[in-house]
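**Student:** I'd like to ask you about the structure that follows.
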Amino acid sequence: MVGVFEVGAVPFNPDGWGPPDSTTATAPSTTTATAPSTTTTLPLHVPFAPFSRSEKLGRIADFTRSFANANPSNRPSSGKPGAASSESPFDFSLDLDTFPLANPEDDSSFRLVDAKPPTRPKFGPKWRFNQHRPQLPQRRDEEVEARKREAEKERARRDRLYNLNRSNQNQQRREAAIFKSSVDIQPEWNMLDQIPFSTFSKLSFSVPEPEDLLLCGALEYYDRSFDRITPKNERRLERFKNRNFFKVTTTDDPVIRRLANEDKATVFATDTILATLMCAPRSVYSWDIVIQRVGNKLFFDKRDGSQLDLLSVHETSQEPLPEAKDDINSAYSLSVEAAYINQNFSQQVLVRDGNKVSFDEPNPFANEGDEVASVAYRYRRWKLDNDMYLIARCEVQSVVEVNNQKSFLTLNALNEFDPKYSGVDWRQKLETQRGAVLATELKNNANKLAKWTAQSILASADLMKLGYVSRVHPRDHFNHVILGVVGYKPRDFAAQINLNTANMWGIVKSIVDLCMKLNEGKYVLVKDPSKPQVRIYEVPADAFENDYVEEPLPEEEQVQPPAEDTEAGEPNGTTNDVEAKETETQT
């Protein structure tokens with residue numbers, strides 16, 4: 001039989017919760033009085049009070065007590081978040097009657113402990129360090145906003161420049177304004193071939209070192225003081241109206257005619273024409289070269305008054321130039337101004353003391369008594385094939401003595417007309433950021449600089465000098481100042497501008513081979529005005545002979561509009577015809 005669980009007597013405590021402290025039992029009355037006996041209702045051998053004062057095992061939350069004005073002991077509150085309030089039901093500081101020996105200060109150390117782990121900060125040590133400093137995040141936000149505003153301004157500025165330089169609308173206006181053919185294509189001309197520039201980039205041909213057949217002319221020494229010119233001590237560009245400059249084409253050169261009669265070569269040209277062919281893939285403007293096949297010989301000529309006599313300005317730039325031809329910043333006016341600057345610069349940087357270096361023959365184009373510009377013509381011959389040689393007339397403008405050896409120089413000038421178009425002010429950037437100025441010129445005038453480099457390589461010049469010439473005022477195209485002169489080795493500069501010598505000769509060799517297959521006659525090679533390609537046309541034998549233009553024309557007269565007096569046209573035409581006949585008889 002299963003034992004019965006007996007529940008002990010549970011005393012009733014009318015005075016509160018829990019068991020009563022004690023019960024007083026009175027013994028039966030006798031004749032003599034006895035003291036009352038006190039019995040406890042607590043379990044035997046189970047102490048009610050804890051052994052440790054830190055363990056409040058005997059306490060219970062009393063929610064019935066009222067603490068209207070708690071804290072009678074006037075003990076200060078700790079003020080910490082975990083401290084129990086004096087009005088809390090868990091505050092046992094008033095139970096001194098229960099534990100009279102308890103130290104009231106011990107009860108104040110009692111705190112409710114949260115067993116949950118502390119929350120980790122979201123932003124690491126910085127957040128913990130700055131959480132009591134509310135002004136720092138605000139300051140940091142202000143700095144971030146300021147940086148964002150600066151970045152937005154910079155981005156807007158770049159967008160404006162990009163839209164200004166790359167706008168399709170401006171590009172179309174530029175093409176419509178200056179992209180026109182250099183020569184009028186007549187309907188009776190027969191187009192024989194069309195060569196895109198993409199085929200030129202794959203060509204390569206190596207030629208041996210050339211040999212000098214003849215040197216003509218005289219050179220003056222270069223003035224080294226111009227190397228020390230800076231924008232702060234600029235020099236005024238002088239004008240040399242008394243010196244004669246010659247731009248003679250191939251077939252009008254008496255020396256080339258003599259060499260052709262002696263069968264010294266098969267192909268004849270000038271350095272300007274060869275450089276135009278070599279740098280054709282970089283060209284944007286239209287140009288043309290006249291090709292004459294006479295017997296087994298080939299002559300590359302330029303038309304009288306051709307664009308090859310002028311220097312292009314901002315040819316490869318995306319900035320549109322004014323469309324009006326009479327505007328001082330139009331493409332034609334700038335090319336005339338650049339040619340004028342280039343000629344005067346090449347004569348000003350010389351030591352004009354009468355000391356010259358003369359060569360085998362005098363200048364073949366000058367008359368006796370004429371003041372001739374400092375120039376030397378080197379007639380050089382290259383071997384293109386086993387039975388094919390090329391002779392070209394190359395020019396150098398000056399000579400300098402280095403280590404008791406004479407070195408040839410070519411002199412050219414870059415011109416600044418308005419800083420608004422290039423975006424770089426030479427007077428501010430040339431002395432401190434010369435590389436940025438040159439990089440801008442390489443972007444805007446890639447074809448012109450490549451042609452100058454090719455001409456220096458053809459002439460085997462030891463040094464090529466580039467001058468930086470600017471207008472005195474952007475609206476004054478007659479007065480200029482020299483801001484600086486820099487020298488480069490031609491082959492080093494060619495490598496810097498990515499001009500490959502083998503590719504240059506590959507282009508010339510391919511065109512020569514193509515023309516050698518043609519029949520005898522006259523042809524013209526024209527750069528397409530709007531596409532990167534060249535075309536070969538067969539033209540009549542008398543083409544380009546009726547529109548003779550006296551050369552060289554003074555640059556000032558070329559900029560001037562034609563005369564209003566129509567009656568003066570016929571005498572000028574007859575004079576030109578007479579001069580043309582005299583030139584033919586002299587040559």
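Note that Cβ sites are derived from N, Cα and C of the backbone, with glycine treated the same way.
For 11-43, 68-89, 105-156, 547-587, the entry in TrEMBL reads region 'Disordered'. Annotation source TrEMBL lists compositional bias 'Low complexity' at 19-41. Per TrEMBL, the feature compositional bias 'Polar residues' maps to 68-77. Annotation source TrEMBL lists compositional bias 'Basic and acidic residues' at 138-156, 578-587. Marked as region 'RNA gate' by TrEMBL: 307-321. The compositional bias 'Acidic residues' annotation in TrEMBL covers 547-568.
Explain the structural surroundings of these features, please.
**Tutor:** A mean pLDDT of 84 is what the model gives for the region 'RNA gate' (307-321).
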**Student:** For the compositional bias 'Basic and acidic residues' (138-156), give me same-chain residues lying six or more residues beyond its boundaries with a C-beta closer than 8 angstroms to one of its C-beta atoms, as numbers and ranges.
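**Tutor:** Contacts with the compositional bias 'Basic and acidic residues' (138-156): none.
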**Student:** How many of the residues that make up the compositional bias 'Basic and acidic residues' (138-156) does DSSP mark as helix, as strand and as coil?
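**Tutor:** Summed by class, the stretch gives 19 helix, 0 strand, 0 coil.
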